[in-house]
Amino acid sequence: MKNIAIIMGGYSSEYKISLISGNVVYQYLDKTKYNGFRIHIFKEKWVYVDANDAEFPIDRNDFSVTVNGEKITFDCVFNAIHGTPGEDGLMQAYFELIGLPQSSCDYYQSALTFNKRDLLSVLKPYGIKTAISYYLNKGDEINTAEIVKKVGLPCFVKPNKAGSSFGISKVKSEAELPIAIEVAYKEDNEIIIESFLDGTEVSVGVINYKGEIKVLPITEIVSDNDFFDYEAKYEGKSQEITPARISDELTQKVGETAKRAYEVLKMKGFSRSEFIIVDNEPYMLEMNTIPGLTTESLIPQQAKAAGISLEDLFTNAIELSLA
């Protein structure tokens, strides 16, 4: 029996979703192969939480825990932290330094994909289309006329490094820009302002499954709100249709684009890429490397449509990281 540390929580606004994802992994872990340990990672504490919710501190020197005088070490870490420090390369670098296998991509890919601006800049030379964008760092002069001239209206103002659609605003007039920029700055000190793409939004899961890169069935997202925001993602304010209602030819095109991004970046583990399809062309918005793993989340939905159970999905991720 291998000891698997399931890390969850984190330092960002996404910690509540991460705790749900981590508990789903814990629930569906194959108990005939693995001993699962829920590890909560917060700024103020790293702790193992047992079945009675008792907490035991993690020794950060080797990521072990001592319970009733017995030192427990782990064979592998299953990373379920959305946002920092689990999705931006910090935990990946730490585990690499101490020689502990973990289920997500390496630290460089994690840091790169967490930064929307840098990710899209790296992928553009490979023919992957993106929205027109304008970048701001906190403290920069805000020239609203210049922004509108470049990206047009409506547009989206986003934190450069944040997930679950926290801090994102759809802006319909130049006068709304300063407020939207302030909202985004609450999540990150870098922001990205993108042109509005009027098309079909889809989400594409790509995983390494049993040694082969596999594109999962594509999900079409129809939001009741202006865009696929936090409410739409987690509070039922959207329709998520898997497989997407797009042609076979377009399904192949979008899948190949997502797969190319995965391969170009030398990814490992899970990835979920978001696209808007305009005039039969997919435009990439972002890539998530620790996508939601709640039972309602897109990757579990897509895996189910592909005939892959949650237990099998999680076993595959662990076995690949141990290989």
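Even glycines carry a Cβ here, placed using N, Cα and C.
The feature domain 'ATP-grasp' is assigned by Swiss-Prot to 120-319.
Residues annotated as ATP binding site in Swiss-Prot, with sequence analysis given as evidence: 148-203. Taking a C-beta cut-off of under 8 angstroms and a sequence separation of 6 or more, CYS155 (ATP binding site) has the following same-chain neighbours: ILE147, VAL148, LYS170, VAL171, ILE193, GLU194, SER195, PHE196. According to its DSSP assignment, CYS155 (ATP binding site) is in a strand.
In this structure, GLU286 (Mg(2+) 1 binding site) is part of a beta strand by DSSP. The Cβ of GLU286 (Mg(2+) 1 binding site) lies under 8 Å from the Cβ of THR113, LYS116, LEU119, SER273, GLU274, each of these being in the same chain and 6 or more residues away along the sequence. What Swiss-Prot lists as Mg(2+) 1 binding site is GLU274, GLU286, and the listing cites sequence analysis.
Taken from Swiss-Prot, the feature Mg(2+) 2 binding site applies to GLU286, ASN288, supported by sequence analysis. Over all protein chains present, the Cβ of ASN288 (Mg(2+) 2 binding site) has 21 other Cβ atoms lying within 10 Å.
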Note to self: Under 8 Å between C-beta atoms and at least six apart in sequence, can you list the same-chain neighbours of VAL183 (ATP binding site), or say none if there are none?
What the structure shows: VAL157, GLY167, SER169
Notebook entry, point to check: Sorted by position, what residues of the same chain at least six away from LEU197 (ATP binding site) have a C-beta under 8 A from it?
Noted result: ALA131, ILE276, VAL278, TYR283
Check: Does anything in the same chain, at least 6 positions from GLU190 (ATP binding site), have a Cβ under 8 Å from its Cβ, and if so what?
Finding: ASN115, ARG117, TYR135, LEU136, ASN137, LYS138, PRO159, ASN160, LYS161
Next item on the list: Identify which of the binding-site residues GLU176, GLU274 has its Cβ surrounded by the largest number of other Cβ atoms within 10 Å, counting every protein chain shown.
Entry: GLU274
